[in-house]
Structures are given as structure tokens and as C-alpha cells.
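Asker: Take this structure first; my questions come after.
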Amino acid sequence: MLTDKFLRLQSALFRLLGLELLHEQDVGHRYPWRSICCILSVASFMPLTIAFGLQNVQNVEQLTDSLCSVLVDLLALCKIGLFLWLYKDFKFLIGQFYCVLQTETHTAVAEMIVTRESRRDQFISAMYAYCFITAGLSACLMSPLSMLISYQRTGELQPKFPFPSVYPWDNMKLSNYIISYFWNVCAALGVALPTVCVDTLFCSLSHNLCALFQIARHKMMHFEGRNTKETHENLKHVFQLYALCLNLGHFLNEYFRPLICQFVAASLHLCVLCYQLSANILQPALLFYAAFTAAVVGQVSIYCFCGSSIHSECQLFGQAIYESSWPHLLQENLQLVSSLKIAMMRSSLGCPIDGYFFEANRETLITVSKAFIKVSKKTPQVND
């Protein structure tokens, strides 16, 4: 079935967290210890990073690195915490999407629409996940590599770690270093996994909502039946589907609204990453900062692009009404004509996805991109 591909990548990612998206409620938390370990690994690592920043207040590069790391940790904890807090609500919303898709994908056109949006969603989600995986792997592998290079040059083995942190023990001992390094890796996994899970879930639900709006638009343009009764039934179904799409969009916005506020943090993060990229332009750490910058840009782009697409698809329903075969209804049923007018007025409002202070749309993405470009131009001057 077409719905078998629903949330395929997202379900696999959430299983790594010990959570099930598409099963019954009683098996929702199949392995709760995974989520707990994920939270503890990040929460326990943050004090080490904060201590590193306090210890290097006079060093701008190291202080910036620690602030950036703390910001990422806080965002990851907020995401996994919010998802677990609203877990039942998210599962109910996912179940609603699944039921509507099952009901509405019995025609060839509907299948084509859902398949196209699903492929786009899985491609974007996979690319986003690969960026985080590349950033995490490069960070974890670069520190041992830097240690080996430094040892070949100086003959001394200095412990280095993927992320800024200080420890209450001597890492010159191999056993202590292994424990510290493993702690870094666990923290990296604890940050990347929930971040990718929640962001790709929003991406998938947004694309499926766009598909449902497109199906409603297609049915609106072909609502005419073989007789008056069938025509009325078709219109009734179209309006019900459109109302259901609006309802799904409302709940999607309500549940993800606190996360969309991350644009403020992401914008600050991009400014910090500009400095770090320029400071490490000829260093092995460049791969990590480049991949991580791509991941943060992808994160902002996902929310802005998906939010803009939902809003546009909702508004296009009014155009579908205008292009449909409605003139003959003027002579048959004036009440239906009034319903069409009301639907057109409602569609003009769209279905905005906002984060309290701003909307997640292309204009916001352009604003963030311009700020990123301006900071990129000024960064070389600061370094000089």
C-alpha cells in the first residue's frame, strides 16, 4: 500500500530513540531507556562545556566554540523534551494523517501526488540526516587524527576531544581518555539523533499536508458528477477534506510552534559558525564546521520551505474553486455558490506556520540568509 511508505525514514530514526510513531499507544515507549540515556548524555556533558568556556574567557575562539556547543545542547534537549511531553498528541496527529491518507489515495491522481511529495520529503530528510552524520563523524574522528599528527610532529601525545570540555581527572592516562572520548561521542549522538528525528518529522508531516491540499484542489476542479445529487455529494466531500486539512495544519503549527522559535538561536548560531569557519579555513576541523553549517542552514530551510509550501497550497484552493465548473451552479443552487464564496475567502487567509514572533516562510529564510552573508563578509575583517 502507498501508506506503507509513510514516515519510513522517520520511524527508523525514532526507533533508535526507543519510540514508535505508527504503532498502538501501549507499545509507544518500547525502549524508554534509550531516550533517557540520550537526555542524560547531553545534560551531563553541558557542565563540562560551560566549565571550558569559563576557563577560557580570554580566548575568543575557544569561548565561541563553547557557547556554540552549549547552544546546540540546549536546543537538542528542548526538542526531545517537547516531543516527549507532547508524545501522545504527536501520535494522535500522526494517526490522523495516516487515516486521511489511507482514505484519499484510492485514485491514480491522488497516488501520484502523495508519491511525489513523499519522495521529495524522504530525499530532503535523508540529505539533512547525512549532514548531521557527516558533522558528527568528522568531529569524532578529527580529534584522534589531530592527536596522531601532533605526535608525529612533536613526539608528545596531547589529548584532544571532539567538543570543548574539561574533566576532573587526568586525561593523559589512556583509561581516562577513553572514558572522556566515549562521553563526547555519546553527547554527540544525544544531540544529533533527537534533532534529526524531530526536524525530519516536521518535514514529512508538512509534505503530506501539502499532498492533501493538492488532492483537495484536484477534487475541487473535478467535482461535477453525473447528476445534481452526486455533484452535491462531491462538493460536500471536498469541503470536508479541505476543513480537515486546515485542522491538521492548525495542530501541526500548535505542536511545533515552540520549536520554530529556534530560528532566533539558529540565526545566532550561523553568525558564530561564520567566525569558526574563517578561523579554521586551513585546518582539519574545516570539514566539521562546513558540514555543521550545512546542517544548520538545512534546518532553517526545512522549516521555512515547508511552512511556505503549506501556506501556498492552502491559498491555491481558492484558485481551484475559481477554475472549477461553478457557473452552472448559479442556476441550480445559490446556497452552494455561497459556500464556494466562503471557501474562497477562507483560502485567501492560507494556513500560516508561525513561531510566535514570525512566520516560517521564504521571506524569513531570505532574511536569515542575508544576515548570514553580511556576517560572512565582515568576518575576514574581524580576523585581520
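Backbone N, Cα and C define each Cβ position, glycine as well.
Pulled these features from Swiss-Prot for this protein:
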TOPO_DOM  1-34  topological domain 'Cytoplasmic'
TRANSMEM  35-55  transmembrane segment
TOPO_DOM  56-66  topological domain 'Extracellular'
TRANSMEM  67-87  transmembrane segment
TOPO_DOM  88-128  topological domain 'Cytoplasmic'
TRANSMEM  129-149  transmembrane segment
TOPO_DOM  150-177  topological domain 'Extracellular'
TRANSMEM  178-198  transmembrane segment
TOPO_DOM  199-258  topological domain 'Cytoplasmic'
TRANSMEM  259-279  transmembrane segment
TOPO_DOM  280-284  topological domain 'Extracellular'
TRANSMEM  285-305  transmembrane segment
TOPO_DOM  306-329  topological domain 'Cytoplasmic'
TRANSMEM  330-350  transmembrane segment
TOPO_DOM  351-384  topological domain 'Extracellular'
Asker: Restricting to CB pairs under 8 Å, which listed stretch, 35-55, 67-87, 285-305, is in contact most with the transmembrane segment (129-149)?
Answerer: 285-305
Asker: For the topological domain 'Cytoplasmic' (306-329), could you work out the same-chain residues 6 or more beyond its ends whose Cβ comes under 8 Å from its Cβ atoms?
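Answerer: Apart from its flanks, the topological domain 'Cytoplasmic' (306-329) reaches 202-203, 206-207, 209-210, 213-214, 216-218, 220-224, 242, 245-246, 249, 252, 260, 336-337, 340, 343-345, 347-348, 350-354, 359-362, 365.
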Asker: Summarise the topological domain 'Cytoplasmic' (88-128) by DSSP state, stating how many residues are helix, strand and coil.
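Answerer: Reading the DSSP string over the topological domain 'Cytoplasmic' (88-128) gives 38 helix, 0 strand, 3 coil.
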Asker: The topological domain 'Cytoplasmic' (88-128): which same-chain residues, six or more beyond its ends, come within Cβ distance under 8 Å?
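Answerer: For the topological domain 'Cytoplasmic' (88-128), the list is 1-3, 5-10, 21-22, 25, 28, 196, 199-201, 203-212, 214-215, 218, 241, 244, 248, 251-252, 255, 295, 298-299, 302.
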Asker: Mean pLDDT for the topological domain 'Extracellular' (351-384), as a whole number?
Answerer: 67
